[in-house]
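The domain 'Major facilitator superfamily (MFS) profile' feature in TrEMBL is assigned to 1-387. The transmembrane segment annotation in TrEMBL covers 33-55, 67-88, 147-171, 216-237, 249-270, 291-309, 362-384.
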Amino acid sequence: MWSAIAINYIDRTVLSVAAPHLSKELSIPADQMGFILSAFFWSYALLQIPAGLLADRFGQKRGLGASVGLWSFATAATGLATGFYSLFAMRLGLGVGEAGAYPSNAGIASKWFPDRERATISGLFDSASKFGGAVAMPLIVWLMAMVGWRMTFVVIGAVGIVWTLIWWLFFTETPEKHPMMNKAELDYIRGGQAMKHGEDDSISMRWYELLRYRNVWAMCLGFFTINYISYFFITWLPTYLVREKGMGMIQMGFIAALPLLAGLVAEIIAGMASDRIVRSKRLSLTATRKLFLIGGLTMALCIGLAAIAESVALTVALLCVAKAGTTIAASQVWALPGDVAPKNMTSVLAGLQNMVSNFGGVVGPIVTGFIVVKTGSFNAALLFSAG
């Protein structure tokens with residue numbers, strides 16, 4: 001689960017890191033690059049529900065394996081791009097592949113872990129997105145220096161293909177099927193679940209019936225807000241640091257990793273802390289989720305303060321706080337499908353939530369690119385994100 005999401009974010013970050021160099025070589029202006037960066041989110045968002053339905057229908061092992069294999073092929077093929085349209089098409093293909101990752105992982109978490117550990121597990125597997133994004137920054141800069149930007153895409157894509165082969169060989173759909181699972185471990189997992197796996201599979205509900213519930217709308221819209229801010233860090237941040245702050249590619253590669261590393265640490269701590277509060281019964285499950293969601297979103301507003309910071313160091317520090325805020329909130333968001341959905345619909349609810357939230361990824365890069373072209377600066381775009 002963790003390694004799949006890490007590879008997921010390395011793959012989706014490659015273009016963002018390569019963009020300052022690639023856009024010059026292929027003569028792509030900022031507004032067009034905004035559309036290219038957002039293209040991934042178009043197919044990614046729209047296919048969340050189908051991906052969740054397929055994972056629930058055919059199993060998360062097949063869902064995640066097919067997802068990683070497809071997006072890895074799309075990443076490798078991006079090395080053949082020649083201009084706007086080919087880059088746009090490859091990013092759409094990447095989104096098609098990556099659409100199944102989070103819905104499948106949410107379903108795996110509901111099958112393999114007791115309820116009291118769900119926020120910790122959700123925070124851990126989502127923290128891989130920050131690790132992957134952080135590693136991608138210096139790694140891709142180094143690979144580009146060694147083999148060029150085209151072969152960089154090929155190398156990164158090959159890693160995912162190898163991962164897919166390992167996944168098919170060793171993962172089992174449920175704990176019961178794992179050859180090394182003993183009775184004590186299985187009793188611990190199933191005994192810690194509010195409803196034992198299989199007993200609630202008889203609940204019949206079509207995916208769109210989930211929209212009748214206010215909690216589902218709150219989950220979706222709250223996550224949209226998180227992602228609008230969060231995706232700046234893996235789309236425009238490298239270009240922002242190079243163009244706005246005058247950094248070279250190597251310096252940018254390391255500095256751009258800092259907010260993502262801050263997010264990685266914050267999400268793991270937040271997931272563990274929230275589960276500890278729930279176990280202690282000091283707050284209800286709902287109150288705990290709200291505490292971390294509201295606190296995280298408040299911290300995320302620091303992205304607006306970064307626009308008016310006078311020093312580079314303060315700007316980077318504020319961006320770190322903002323990214324940490326989005327991940328604190330995200331640690332709770334990914335636990336919610338397992339909290340509120342029957343197990344036979346966990347993946348589809350996660351897909352619905354992720355679909356709506358990722359329209360923040362569709363809108364954000366385009367709006368940012370448009371504002372940069374019109375104003376000649378990123379400052380207004382950062383302030384708009386906070387607003």
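Residue 1 is the first one shown; counting continues down the chain.
Every residue gets a Cβ built from N, Cα and C, even glycine.
Count of Cβ pairs under 8 Å against the transmembrane segment (33-55): among 216-237, 249-270, 291-309, 362-384, the largest is for 362-384. For the transmembrane segment (362-384), the list of distant contacts is 29-35, 37-38, 41-42, 45, 227-229, 231-232, 235-236, 240, 243-244, 303-304, 306-308: same-chain residues at least six beyond its ends, Cβ to Cβ under 8 Å. Computed over the domain 'Major facilitator superfamily (MFS) profile' (1-387), the whole-number mean pLDDT of the model equals 84. Remote same-chain partners of the transmembrane segment (216-237), defined as residues 6 or more beyond its termini with a Cβ less than 8 Å from a stretch Cβ, comprise 9, 12-13, 16, 37-38, 41, 133, 210, 256, 259-260, 263, 293, 296-297, 300, 303, 319, 322-323, 326-327, 329-330, 333, 336-337, 340, 349, 352-361, 363-365, 368-369, 378, 381-382, 385-386.
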